[in-house]
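Encoded as structure tokens, the structure appears first; notes follow it.
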């Protein structure tokens, strides 16, 4: 093992390697309101005590290194070091522990998710003394969160911009995700928006490929938006993906979207990076654009139970970096997502104050103070039969996004959109009348089918479609 010792006033420098726990394991420490707190799930190597492993995590993610260095004496490690202040075994797991680490605020640059993550989830994740390490949760104190702008606009401002209240918003990802020409792509957008959707979406893969350059796509999509608005009398939008190979190109695409007068653009925040995302978020607030966020690559980071970063941490990071929507899983669709865990980080995205609740995976009470909220987006393998459950689970402040569940309608895109809109409004009305959607949701849809042939056709097509697999990431 390897670490660093604290050099106290009057003590001489003693070279060598000493246990991390001598300096970084401090069970007597009382956390401060200004500390950033982290909960790590750690699996030590055989023979490594959990106290030493927890101290190593605190050291290597803050001021420590593998040996004592004489420059320790030029600063105050006691002021700047991370501290492992508690360790608890994980119930039902062999040799797994939750290590709680407190970091002083001065370790991190203000307003920089990039710097925060570089320290807390940096080199320590490759540390040999650990078989595996996962960051389960972070407590971001108001003293730090107030250094971030957060979402460009937030939930209430978005509703005011698009003039839609009292129900979830409806979206659709255009399929096939790759291969359409810009003109045919715009046609699909128009049909979906005219049929009753609020938004359509670029797939996360769509940037500027040879079959459809970004500028052509933006032009045809803008035409589709304005035509559908004129015909329906509703404000419509399409998530134009501004993600690009450089920040300069990304901002150029965002500027062109603003010139066209569209209401919303999109970014892949993990593949694009937090620095790029924060820059784009600032641009969107300054220029009145809503910002939809896709989480492509998240499962590489968050799906394994014992190593990586839980999505609740990535969700908090996005709220600080900036985005008005983010994909959050569906609970009922084709993508990973256990109900209570999903609802836990959905609350972390939307609410101002979230109490500690280990039953939902929330390790710390989180106070966002006045930071705007983010709309969770349920997307992936959902169709009209899921509408009652989605309405009940996610509530009004959400975006329900049906790709194949719109474009796969046997009568075409516009009827597919109409089916989803009718299903949603029927579920919202039934809920508002006091009906239990968990028990009577299917009956609500069958009743609505009597006056919507589009919905009846959709219900017939997808009546047997289910995605019943065991969730990997459980509490």
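Every residue gets a Cβ built from N, Cα and C, even glycine.
Record features, source Swiss-Prot:
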BINDING   123, 173, 177, 295, 327, 379  substrate binding site
ACT_SITE  175  active site, proton acceptor
MOD_RES   201  N6-carboxylysine
BINDING   201, 203, 204  Mg(2+) binding site
ACT_SITE  294  active site, proton acceptor
SITE      334  site 'Transition state stabilizer'
Cβ neighbour count within 10 Å of residue 327 (substrate binding site): 22
Chain-mates of 201, 203, 204 with C-beta within 8 Å of site centroid, Mg(2+): 173, 174, 177, 202, 205, 206, 239, 241, 266, 294
Which of 203, 204, the listed binding-site residues, has fewest other Cβ atoms within 10 Å: 203
Separation of alpha carbons, residue 175 (active site, proton acceptor) and residue 379 (substrate binding site) (Å): 13
Fewest-neighbour residue among binding-site residues, criterion Cβ within 10 Å, set 123, 173, 379: 123
Which recorded positions sit within 10 Å of residue 327 (substrate binding site) - Cα, from 175, 201, 203, 204, 294: 294
DSSP three-state assignment for residue 123 (substrate binding site): helix
Among 175, 177, 294, which are recorded positions, the residue with the most C-beta atoms within 10 angstroms of its C-beta: 294
Cβ neighbours of residue 201 (N6-carboxylysine) where a neighbour is any other Cβ within 10 Å: 29
In three-state DSSP terms, the structure that residue 173 (substrate binding site) belongs to: strand
Of 203, 204, 294, 295, i.e. the recorded positions, those within 10 Å of residue 175 (active site, proton acceptor) when Cα atoms are compared: 203
Residues satisfying Cβ distance under 8 Å from residue 295 (substrate binding site), sequence separation of at least 6: 268, 269, 270, 311, 314, 318, 326, 327
Spatial neighbours of residue 203 (Mg(2+) binding site), counting only the recorded positions 123, 177, 294 and Cα distances within 10 Å: 177, 294
Candidates 123, 173, 177, 204, namely the binding-site residues, that fall within 10 Å of residue 294 (active site, proton acceptor) by Cα distance: 204
DSSP-derived class (H/G/I helix, E/B strand, else coil) of residue 204 (Mg(2+) binding site): coil
Inter-residue C-alpha distance, residue 173 (substrate binding site) and residue 204 (Mg(2+) binding site) (nearest angstrom): 9
